[in-house]
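Under the heading Zn(2+) binding site, TrEMBL lists His150, Asp151, His154, Glu166.
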Amino acid sequence: MFSSSHCTQIRSTRLNTRFLLNYGIMEGARIHLKGWQQAAVAVGSALGALMDPRRADLIAALGETTGKPAFHRVLMQMKNSPEGREVLLERPRVISSRVSHAWDMPDNTFGSAYAKFMGSRNFSPDDRPPVRFMDTEDLAYVATRAREVHDFWHVLFGLPTNLIGESALKVIEFEQMFLPMCLLSVVGGRARFSDRQRALFYRHYFPWATRAGMRCTDLMSVYYEKHFHENLVDVREKWGIIPYPDPSTKS
């Protein structure tokens, strides 16, 4: 049970890693929250993330506590797809020990593009925070998978990892999964745009991302690791993916 002092912490947005750990949310652990506890964590996470967008733990908590209906819908879609069912059965993880073969793929393949994307930014697939607030193993895996394929989507859509690129990808993620957190992230990102960035985003990236997210296949039902050897252009075409437009080529 949450104490009144802890509730005060939530209301004041001081929801930090130490607070989460006080509730036994250790590596690999999950907890079940009552309705009011979920609401408290969601509100505290949202306000805390707006104050400090670098807090991946708060953004993750927000996505989980507000996204359960959306994750359940994604789970049903995956069960209705042959490849999605294979993903659910085998439960692949996007972690270093499972995707290291991407670094051995030939140039122009999806795997090679992913390896270059990660290496050029010194990213590690092991850096994602674990899922904490899902009620079932299936939902926990779907939430984990959604988090772990994020960098695959960056590669496939050709999006940078700057504020505009991340905001555009959140639009696509919303079109694919209807996660409330994605819309909240776009709103939060917009508040941090400069005037030039805001104009660029709404003139080029937002309309493109809306179309791209609706046009492509159900991306949560793709077993990406089994397509590393395929040509990047070919998989984009197969999955109906439109890479982001370069504004410098537009009038």
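For all residues, glycine too, the Cβ spot is worked out from N, Cα and C.
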The one of Asp151, Glu166 whose CB sees the fewest other CB atoms within 10 Å, among these binding-site residues: Glu166
Position of peak Cβ density within 10 Å, selected from the binding-site residues His150, His154: His154
Extra residues within 8 Å (Cβ to Cβ centroid of His150, Asp151, His154, Glu166), Zn(2+): Phe152, Trp153, Leu159, Thr161, Gly165, Leu169
